[in-house]
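Engineer: Pasting the feature list from Swiss-Prot:
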| type | residues | note |
| --- | --- | --- |
| BINDING | Gly13, Ala14, Ser15, Ala16, Ser17, Gly18, Lys19, Ser20 | ATP binding site |
Amino acid sequence: MNSQQCVIIAIAGASASGKSLIAKTIFDELRRDLGTDQIGVINEDAYYRDQSHLSMDERVLTNYDHPKALDHQLLCTHLQLLKSGEAVDIPCYSYTEHTRIAETLTMTPKKVIILEGILLLTDPKLRALMDASVFMDTPLDICFLRRLTRDVAERGRTMESVISQYKKTVRPMFLQFIEPSKQYADIIVPRGGKNRIATDILKTRIQHLLAK
């Protein structure tokens, strides 16, 4: 492979479906072969639009499960720059402030970039940049229970707010946008991020792409 080739893998699916776990597993196992500086993970959440011009009351009303809440154009631009051998400054998003913060995270070009996010497969421009894509096909009720536990413990949310958001936007947007995007996935993974066979298949695919 030439020095600027970059394999981009996307892992999509419902919130709390196991995307982060399978991404971390692949990252940890491949970096031993490639080197820590040659593989990176980009979370789609980092590209939620800046809402610093809105009040907190207005920010909490945003439908974060709709594609319009995300700046996919910026993500596409960053991926194109990385593929061409240039570093990018990835935004940092605060789940408690519901907007971007001043800090950014610099990413240098990588041999492998793993994208993870709920709406990655809904955007045709993003799909065109992917070398392989995965959809985590975890039952929605299991995802909800995981999300409830995670958001209360890690993101400063109340149980009531998580349940309300699930009813108003998370479940409806999953049915409208996320689940239909499954048709664009190359690999559909049942049973969540601990599916070892699916993880090995994806790793083999990445290694095959790198060998081209």
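Including glycine, each Cβ sits where the backbone N, Cα and C put it.
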Engineer: Let me spell it out: for each of the binding-site residues (Ala14, Ala16), count the other Cβ atoms within 10 Å of that residue's Cβ, using every protein chain shown. Which one has the most?
Structural biologist: Ala14
Engineer: Can you list, in sequence order, the residues of the same chain other than Gly13, Ala14, Ser15, Ala16, Ser17, Gly18, Lys19, Ser20 whose CB lies within 8 Å of the CB centroid of the ATP site?
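Structural biologist: Residues close to the ATP site, other than Gly13, Ala14, Ser15, Ala16, Ser17, Gly18, Lys19, Ser20: Ile118, Met136, Thr138, Cys143, Arg146, Gly192, Gly193.
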Engineer: Among the binding-site residues Ser15, Ser17, Ser20, which residue has the largest number of other Cβ atoms within 10 Å of its own Cβ?
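Structural biologist: In terms of Cβ crowding, the pick is Ser17.
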Engineer: Does Gly13 (ATP binding site) have same-chain partners at least 6 apart in sequence with Cβ under 8 Å from its own Cβ, and which are they?
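Structural biologist: Listed in sequence order: Lys19, Ile118, Val134, Phe135, Met136, Asp137, Thr138, Ile178, Val189.
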Engineer: Just jot down the residues in the same chain as Gly18 (ATP binding site), at least 6 apart in sequence, with C-beta under 8 A of its C-beta; none if empty.
Structural biologist: Met136, Thr138, Val189, Gly192, Gly193, Lys194, Asn195
Engineer: Counting every protein chain present, what is the number of Cβ atoms, excluding its own, within 10 Å of the Cβ of Lys19 (ATP binding site)?
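Structural biologist: Total other Cβ atoms inside 10 Å, all chains included: 29.
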